[in-house]
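To keep things clear, I will list the structure first and then write my remarks on it.
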Amino acid sequence: MRGAILATAAALAGTAMADVAHMRRHGHDSFHQRRAAVAEADATCGCTTEVVTVWGPPTLIPVATPTPSTVTSEAVTTLHSTSTSTVTIVASASTPATSSSPATPKVPLPTPAITNFPSTGVYTIPATTVTVFDTTTVCGATTTELPAGTHTYGGVTTVVETATTVVCPYATVEPSGTTVTSVIKTTTYVCPTPGTYTIAPTTTTVPTSTVVVYPTPAVITPGTYTQPEQTVTVTRTDYTYVCPFTGQNEPTSAPAAPSTTAVPATTTAAVPSTSSAAPSSSSTAPASTGAVGGQMGMTYTPYTKGGDCKDKSSVLSEVANLKSKGFTHVRVYSTDCNSLEYIGEAARTSGLQMIIGVFISSTGVSGAQDQVTAISKWAQWDLVSLIVVGNEAIQNGYCDASTLAGFISSAKSAFQSAGYTGKVTTTEPINVWQAYGSTLCGVCDIIGANIHPFFNADVSADQAGKFVAQEIKVLEGICPGKDVLNLETGWPHAGNANGKAVPGASEQAIAIKSIAQEVGSKSVFFSYFDDLWKEPGQFDVERYWGCIDTFN
């Protein structure tokens, strides 16, 4: 009997679909494509037939299947060469490992304590005291609230006046098992042209408003540091709070000064000389002696109701009116609309002192550098009692605390090089000072805060002054030994109520009188006119803070 087995293998022709994977991480968009090879147009299909004939009784013939061999091809590209030394310690759970030499105990350092509160309520963080014997660079902690979108934060900000190579430490995080560890690293950065550079920042995208925590370099000097007991009122879920240490030797929160090496330039620009020397700064910051009553200053913006720049004659007459109302200072937020020239001329004629500002917008500190340059060139220091770098820049998410501290330090150096000997600060709400005082205290000569009692729903107009005084008392404990100025305060005369805080013309008059009686000598009232060019804002009050007519 003859049995035959016919084994036929047919080739299959087909197509494959291409797919595209879109990945996003830290603001960098990458596109990866995977496509199947396309058959040539002239390719044909073929068949191979194999016939095996076996004589004998029918039976099954096993067909041996060859064992496939695996060939692996790898292409290796070395981006960074790193040499590491790993020590593995294995300890028995029942018998502790012994060593011939005692292990060095871990020395606690006064790094900020990070606490996450999952729910709302009032929490108390106990006090802690740490003594440091050696100078150490550590990773501090900073938080910032980011609105939905892509943001860049952290890093070390430096200003260079020539092509320079900068060597500086920076803080970052590295994976450690299932967690991450904050570490200090050193980087070399080439600044090809003069300007402001932020070294080793972090870029991320958040779908909703998010509070992020990131490391910042800090130098801890020998001394005793105390983290005082803190009572925190949490009004939102999943809230992160950073509790800083303070001590007799306040840690330097700003990054260590980078060392620089000048890069040879092809051309050298000569610094223009001038025959007239800039007037030196003979005035000091507005007095903060603890006296109450009075009206130190008022904010002034040279904009029309439509947001355009006012003409010079309007600015001169309006600023002169401040003097007749009994004010001694005028606060200016930025250098646009010829603010320095027009308001400066009016201040000199009227005998007013100026609190001038460097406004940081959504473009960050790099976009504010031109204002630093403009102020340094203007240099009418005898008119200036204080320079405010940033107005709620952290609160608005325009930069983080570490970046702001670095920018304040570099701006102060630029002003001093131009002859300024007065004080420099920034201004933020009290919650920002509480969270980032350890970062800002070292670079600010005084504490500048914007204290608006209207935004506390439990404060009525007649209690506005007492509320502001209490807030100032709290601020005085954040940077010990430094004065506090209330650089923006007032009450709206129109809009919607916020609990007990009710806007209105009579309520505005009551609130401003209360603030003036309690802390008027250390307060700047907001603002000269209504800002009708602004968005309505929360409670529809943002446009209606004009209060010049409240003062006789």
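Glycine is treated like the rest: Cβ placed from N, Cα and C.
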| query | For which of the residue intervals 250-291, 292-333 does Swiss-Prot record region 'Disordered'? | reply | 250-291
| task | State which of the following active-site residues has the fewest other Cβ atoms within 10 Å around its Cβ: E392, E488. | result | E392
| task | Return one of helix, strand or coil for E392 (active site, proton donor), based on DSSP. | result | coil
